[in-house]
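Features reported for this protein in TrEMBL:
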type	residues	note
TRANSMEM	34-56	transmembrane segment
TRANSMEM	77-106	transmembrane segment
TRANSMEM	112-131	transmembrane segment
TRANSMEM	143-161	transmembrane segment
TRANSMEM	181-203	transmembrane segment
TRANSMEM	223-240	transmembrane segment
TRANSMEM	246-265	transmembrane segment
TRANSMEM	295-318	transmembrane segment
TRANSMEM	373-393	transmembrane segment
Amino acid sequence: MTPDTISSRASGGASPAGLAGTQRVQQLFARYKILALLFAVAAIWLFFSVLTHGAFATPRNLSNLLRQMSISGMLACGMVFVIIAGEIDLSVGSLLGLAGGVAAILDVNRQWPIALTVPIALALGVLAGMFNGWLSTYRRVPSFIVGLGGMLAYRGVLLGLTGGSTIAPVSDHFVFIGQGYLPRFAGDALAVVLFVLLAILTVRQRSNRRRYELPVLPMWQDGMKIVGAGVILAVFVAVLDSYGGIPVPVLLVLALLGIFTWIATQTVFGRRIYSVGSNLEATRLSGVDTNRVKLAVFALMGLMCAIAGIVNTARLAAGSPSAGTMGELDAIAACFIGGTSMRGGSGTVYGALIGALVMASLDNGMSMLDVDAYWQMIVKGGILVLAVWIDVVSGSNKR
């Protein structure tokens, strides 16, 4: 039996042309995954718009949808770094609830000023995240177990602090964080600034690639990207302005998107996160303190939990002992749907946010159709498994 025969049988009898075609499809999917996700979001919105006779696509509902998505989007911003680093954190939902509950207690019961309440809640989130990271990295407790323990412990602390009852109502200044809107002129100005910034960054990137003699895309392709982004920004702002303006939580999550994308793509720390997740031992041997990198990643995750908890409490105008329940699964699902590799070393922040938008769109649309809760869970679970399966068969998890 010749090696060629063995190879042919090992590949299931597939012809070279068939294998080449499959590999080409895999490469195209991996390259244009984000574009495929955007088409998926558009298809979901169109589907629910038809079934709800246009009610889904109204400016009011889209504004509420984006406001709801912002909570899981904030968690996804931090979770994507955790997963890229090869770890997992199951405590984020409970930590969100704890930070939001503490903020509500300080605001309602203690009547502390918001300038003091918010920093304390943020510090609590960072310290809890660092504690999770310390146990996982320096004490060698698997992050899955640390997160599972934190999920139970943080929820227990929250129930103890609140006595199992809702803390309400929070102050008007606090409520603005979750229910306020950016003035329309400010939203328009922000869109213009973002468009100009995108154009400048594109020109700068082209200049840098030429300087280092790297391949540069044709000018028309970059131009089309800028024009497309400008159209999306204009439509986005126009739709939100027609209802009340850009919601403050949406503005926060967009700011976090920019910050975390910059960290991931433009900083040494960001490159080390990918390196740690891709090959931990090689990164350690190259002189990088991998424990410190992971500790910082968990600290950022804790910070995102605190921000999401504050926004959630402000959106509900109350601190609830059940806040953040299942939040960790929504964040993890958003990352996987957005293309983050479950093996670590690969993923993007904007992909995770698009994944969060997919999950929020499904929740919103099925709720408008009065779909039973158990069917909603079945659909979301099936889509999560489908997303991971597509990621595996597309070969994007290979390192």
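Heads up, the Cβ atoms here are built off N, Cα and C, so glycines get one too.
Annotations in TrEMBL come from automatic prediction, not curation.
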Inset, instruction - Could you tell me whether the transmembrane segment (77-106) and the transmembrane segment (246-265) have 3+ CB pairs under 8 A, leaving out pairs under 6 positions apart? - result: yes
Inset, instruction - May I ask you to check whether the transmembrane segment (77-106) and the transmembrane segment (112-131) make contact, with contact taken as at least three Cβ pairs under 8 Å and only pairs 6 or more apart in sequence counted? - result: yes
Legend entry - Tertiary contacts of the transmembrane segment (112-131) (same chain, 6+ residues out, Cβ under 8 Å): 91, 95, 98-100, 102-103, 106, 150, 154, 171, 173-174, 295, 298-307, 309-310
